[in-house]
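Student: The annotation domain 'G-protein coupled receptors family 1 profile' is assigned in TrEMBL to 41-289. Annotation comment: TrEMBL describes 25-47, 59-78, 98-120, 140-164, 200-221, 242-261, 273-291 as transmembrane segment.
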Amino acid sequence: MEPANYTRVTEFILTGLSQTREVQLVLFVIFLSFYLFILPGNILIICTIRLDPHLTSPMYFLLANLAFLDIWYSSITAPKMLVDFFVERKIISFGGCIAQLFFLHFVGASEMFLLTVMAFDRYAAICRPLHYATIMNRRLCCILVALSWMGGFIHSIIQVALIVRLPFCGPNELDSYFCDITQVVRIACADTFPEELVMIFSSGLISVVCFIALLMSYAFLLAMLKKHSGSGESTNRAVSTCYSHITIVVLMFGPSIYIYARPFDAFSLDKVVSVFHTVIFPLLNPIIYTLRNKEVKTAMRKLVNRYILCREK
């Protein structure tokens with residue numbers, strides 16, 4: 001039953017990462033430096049893959065999509081977080097909160113599905129090398145990427161549909177620096193157990209199942225590669241690629257499982273995990289992958305020498 005003095009909440013107040021001015025300035029410098037340093041690196045990865053004629057395999061096409069999604073994902077929360085460090089009262093409108101929540105889950109889920117596609121790509125390359133070009137043709141790659149985006153969109157629509165139907169009539173303070181379902185659900189003026197259960201199922205369970213499935217698939221691929229340990233450089237390169245993918249999977253799914261695969265109660269580590277999940281890890285994922293890939297690093301050096309250093313001379 002809604003209270004008689006029901007008033008629709010039109011904005012939310014964010015508590016931010018810290019209330020101390022000095023700490024906020026230090027955090028601003030740290031996050032701005034990280035964002036401005038890593039962001040161009042991800043853009044360089046995309047440009048390198050697009051411009052280098054040797055990087056045409058499906059693996060690089062998927063990597064470019066991963067870098068794009070990671071740039072978008074971190075940019076959903078980072079710019080406002082940086083601006084709010086200089087604002088006394090950190091406010092986000094109800095519509096802005098819903099938009100931030102929608103894009104966060106849209107892009108995040110799309111990336112999870114894309115990582116699953118990348119695991120399938122590695123399976124085809126390692127277990128069916130003679131038919132790899134036929135199996136992972138450009139048309140199929142585009143379809144799989146489109147399905148990843150569609151899956152993310154459907155997942156996000158479910159979250160938004162559950163949130164907008166809840167009544168918000170009293171508290172409007174979110175103990176975070178951005179809007180997410182885990183904070184918004186806590187301040188609703190209603191029993192949110194059914195909605196919370198659906199959200200845990202759609203976000204948490206999907207994360208857990210995909211995480212376990214991906215780890216098992218890469219464990220299988222590594223076991224297959226060990227049987228061909230005498231193949232030389234190609235085997236070592238495949239092993240290195242698998243380890244890079246495993247690292248990305250752990251960085252992506254670990255915090256997601258911690259945040260969404262449990263009751264939406266507040267814990268002391270929530271903000272720390274959220275920062276790594278929404279800002280730091282997404283920007284690092286393509287970089288981690290690239291550091292283990294000699295072909296991409298060589299192509300990046302050529303691109304920098306051709307388009308940047310040559311112009312300076």
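Numbers here mean position along the shown chain, with the first residue as 1.
From the backbone N, Cα and C atoms, a Cβ is placed for every residue, glycine too.
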Student: Does the transmembrane segment (200-221) make contact with the transmembrane segment (273-291) through 3 or more Cβ pairs under 8 Å, each pair 6 or more apart in sequence?
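Tutor: When sequence-distant Cβ pairs are counted, the transmembrane segment (273-291) does not touch the transmembrane segment (200-221), since fewer than 3 lie under 8 Å.
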Student: How about long-range neighbours of the transmembrane segment (59-78): same chain, 6 or more residues beyond its ends, C-beta under 8 Å?
Tutor: 31, 35, 39, 42-43, 45-46, 49-50, 100, 103-104, 107-108, 110-111, 114-115, 117-118, 121-122, 125, 138, 141, 145, 177-178, 241, 248, 278-280, 282-283, 285-286, 289-290, 296
